[in-house]
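The structure appears below as structure tokens.
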Amino acid sequence: MPRTLDGQITMEKTPSYFVTREAPARISAMSKDTKLIVVVRDPVTRAISDYTQTLSKRPDIPTFESLTFKNRTTGLIDTSWSAIQIGIYAKHLEHWLRHFPIRQMLFVSGERLISDPAGELGRVQDFLGLKRIITDKHFYFNKTKGFPCLKKAEGSSRPHCLGKTKGRTHPEIDREVVRRLREFYRPFNLKFYQMTGHDFGWD
Ligand SMILES: Nc1ncnc2c1ncn2[C@@H]1O[C@H](COP(=O)(O)OS(=O)(=O)O)[C@@H](OP(=O)(O)O)[C@H]1O
């Protein structure tokens with residue numbers, strides 16, 4: 001980590017921190033005051049998105065449906081599959097709460113990051129104790145892409161939109177499998193809403 005001077009905030013992002021067992025203790029040992037921001041989305045859509053990304057690199061992998069179950073007849077979900085396991089947010093959060101108070105954590109909604117980016121970034125700026133500089137006027141919605149774009153990227157006069165690897169078309173998943181996954185995640189989602197004091201509306 002570079003030295004942080006007065007008036008600066010040092011930020012670091014790594015998608016796997018939230019689900020890595022050793023991360024909370026290590027970050028806490030580095031600085032107990034670290035503020036933590038986690039972007040979360042509906043775990044079922046998250047799992048399908050995760051699978052879609054793997055599929056784009058390895059088109060020969062088994063179907064989403066077959067990877068989801070340990071036993072399809074009994075409907076037993078394979079929680080050791082990372083695409084499923086990562087979405088059990090309440091379980092991961094339990095580990096973080098052993099090292100950080102919940103007030104030092106902010107959970108950003110991945111859905112609202114698309115539907116209301118300025119609102120969600122308003123929460124981020126407040127959480128970091130920053131003046132609300134980024135507002136609605138910094139975004140426009142790119143209909144083709146289905147995502148908001150930043151009107152002007154830092155140091156550039158051109159807008160910044162998300163790259164080609166974002167917004168891949170997800171494969172159609174068997175509705176019964178999606179229903180079973182929703183049923184599986186419901187109690188974990190409810191627990192997560194309770195722990196964070198925030199209803200993400202995934203159910
Ligand atoms: N800024 C922002 N706002 C909303 N959603 C976003 C954003 N950045 C990434 N995404 C979506 O998150 C999914 C995974 O993105 P990643 O950045 O991990 O993708 S990748 O690994 O670089 O391919 C992937 O979801 P899907 O497109 O639904 O599969 C991305 O589109």
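Cβ atoms here come from the backbone N, Cα and C positions, even for glycine.
Because the structure is a prediction, the values reported are computed rather than measured.
Per TrEMBL, these features apply:
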- ARG41, SER49, LYS166, GLY167, ARG168, THR169, HIS170: 3'-phosphoadenylyl sulfate binding site (BINDING)
- CYS149-CYS161: disulfide bond (DISULFID)
- 27-186: domain 'Sulfotransferase' (DOMAIN)
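With a cut-off of 8 Å between CB atoms and residues at least 6 apart in sequence, the same chain places ASN142, LYS145, PHE147, CYS149, LEU150 near CYS161 (disulfide bond), listed in sequence order. Among the recorded positions ARG41, CYS149, CYS161, THR169, no residue is identified whose Cβ is positioned under 6 Å from ligand 1. By the criterion of other Cβ atoms within 10 Å of the residue's own Cβ, the least surrounded of the binding-site residues ARG41, HIS170 is HIS170.
Within 10 Å of the Cβ of THR169 (3'-phosphoadenylyl sulfate binding site) there are 6 other Cβ atoms, across all protein chains.
Under the DSSP three-state reduction, CYS161 (disulfide bond) is assigned to coil, being neither helix nor strand. Largest Cα-to-Cα span within the 3'-phosphoadenylyl sulfate-binding set ARG41, SER49, LYS166, GLY167, ARG168, THR169, HIS170: 17 Å. In the predicted model, the domain 'Sulfotransferase' (27-186) has a mean pLDDT of 95. DSSP assigns SER49 (3'-phosphoadenylyl sulfate binding site) to a helix in the three-state reduction. Under DSSP, LYS166 (3'-phosphoadenylyl sulfate binding site) is assigned to coil, being neither helix nor strand in the three-state scheme. In the three-state DSSP scheme, CYS149 (disulfide bond) falls into the strand class.
When other Cβ atoms within 10 Å of the Cβ of ARG168 (3'-phosphoadenylyl sulfate binding site) are tallied across all protein chains shown, the result is 12.
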